[in-house]
Amino acid sequence: MVDITKEFTQLAYEAKEAYVSLLSDIDATDKNFQIALFCIVFNPTFWNIVARLEYNTHFITKLTGSAKRGCYLLAFTIFSLGIVRDYFFHQALGLQPTSAILDNDIVKKVGMAVMGVGQVLVVTSMYQLGVTGTYLGDYFGILMDHIVTSFPFNVSNNPMYHGSTLSFLGTSLYYGKAAGLFATMLVNLMYNIAQQFEEPFTAKIYAKRDAEKASKSQ
């Protein structure tokens, strides 16, 4: 019993040391890192606010002349914001200190594998949903006929968000950057918050559509 307690205490101490070491390897003063973190918070906040405004006022549809063009405009905007975010994230990783704990071949290989899984989830999700399904078309009244249940939706309830998070994680591990791990945690947090708003609202949109169909068939 004493040996187990000692081992647990030693593991806890080593975990604490690793945590402190990783934190010390983050340069919070780097402007690229700060901008990347801002983009990580801003992007999902922006598209959720804009999508809700579109649903309630149809301002993008009115501006572009059709729901489909409006959705494509929002898709282009979200995609562009993602490019800006990724640019500053990669710039930051290039300037951030490499963590000794993460700087080894095993971590690098794990990072490559995680990146690969993340990209597969993102690409296959976009393939299954298309542009309008991926980029909030339901807020424009562009609804899918059926819920997609085939891969990757049979392994993840939100493969786009999960895949993106894994891509951030894999990249951070590959380059051995503690700052990247912090950014990944923030990405995961923001996507989880976004899902709390998006999923119930999307369910409400489809429930309304189904109710209208049912009333018409009577």
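Even glycines carry a Cβ here, placed using N, Cα and C.
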Membrane_side_equal(E54, G111) from TrEMBL: no
Diameter of the S-adenosyl-L-methionine binding set by C-alpha atoms, the set being G116, V117, G118, E198, E199, in angstrom: 26
Residues from the same chain, set at least six apart from the ends of the transmembrane segment (173-194), whose C-beta lies under 8 A from its own: 22-23, 25-27, 30, 33, 36-37, 40-41, 43-45, 48, 89, 92-93, 96-99, 102-104, 107-108, 110-112, 114-115, 158, 161, 164-165
Spatial neighbours of E198 (S-adenosyl-L-methionine binding site) that are distant in sequence (at least 6 apart) but have CB under 8 A: N48
Remote residues contacting the topological domain 'Lumenal' (52-63) - C-beta distance under 8 A, at least 6 residues beyond either end: 70-71, 73-74, 136, 139-140, 201, 205
E199 (S-adenosyl-L-methionine binding site) CB neighbourhood, other CB atoms within 10 A: 12
